[in-house]
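Let me begin by presenting the structure, written as structure tokens, before commenting on it.
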């Protein structure tokens, strides 16, 4: 079994991604052909469930873009279900400390290395037990990315990086800026300093730093600092802003977004 996304991170090859929030397999397949290295299927803030994640994994599968799935929480039951339908790379939100990072890793591993329940006869991941020796290969194919999104998590970054099985650490600029007192302003100098320091620390520890940033100059800056998986846009934003621009060309009143920063 292989995980092309995990292999790319290990090799130090920067991976450029796009966030998927439309919760739709048709749009997921459309974007899978756009040329991004990875696509994030969002189960935290988008209206996804296990079934809609499954259909998007199926839609993306024929294309080179690699799927990354974000569950709504660091929940072993939800993680088990997502792995069974075929997710190999998970982005676990709001991890605050090393214990929570260890719990995330354990949820992705079969015993004795972890606590993932064995149900491979029912699982797309094992091709319903058609993959020889799946139970002994699956653990090594898992890629666990954890999100640090608060000052507490930042203060615990060194211990999080020491956890075996953590492949990458994703910095959540929207939540981090809010926690630091600068909600809606991830470009504040204090937030940017925290992000840049974290990227350097993560890379120095031999892990892959990641982030979502639609600002092109900042995204490129993070890549220069050593970020290895960077999402540079969101499908809902691309659709909404693109539609507004087109309508405005034909006289429609431009609807100004009140949001700023990351997306």
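Cβ coordinates come from backbone N, Cα and C, glycine included.
Predicted, not measured: the structure shown is a model, and the values here were computed from it.
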Among 137, 147, 192, 201, Swiss-Prot assigns to the substrate site of 174, 175 just 147
Distance, residue 70 (site 'Transition state stabilizer') to residue 174 (substrate binding site) (CA atoms, angstrom) | 16
Between residue 149 (divalent metal cation binding site) and residue 70 (site 'Transition state stabilizer'), what C-alpha distance do you get in Å?
-> 14
Output field, substrate shell: CB within 8 Å of site CB centroid, site 147, 174, 175 dropped | 93, 94, 149, 171, 172, 173, 176
Rank the recorded positions 45, 70 by the number of other Cβ atoms within 10 Å of each Cβ, and give the residue at the low end.
-> 45
Would you kindly give the Cα-Cα distance separating residue 45 (active site, proton acceptor) and residue 84 (site 'Increases basicity of active site His'), rounded to the nearest Å?
-> 22
Looking at the recorded positions 70, 147, 175, which has the shortest Cα distance to residue 45 (active site, proton acceptor)?
-> 70
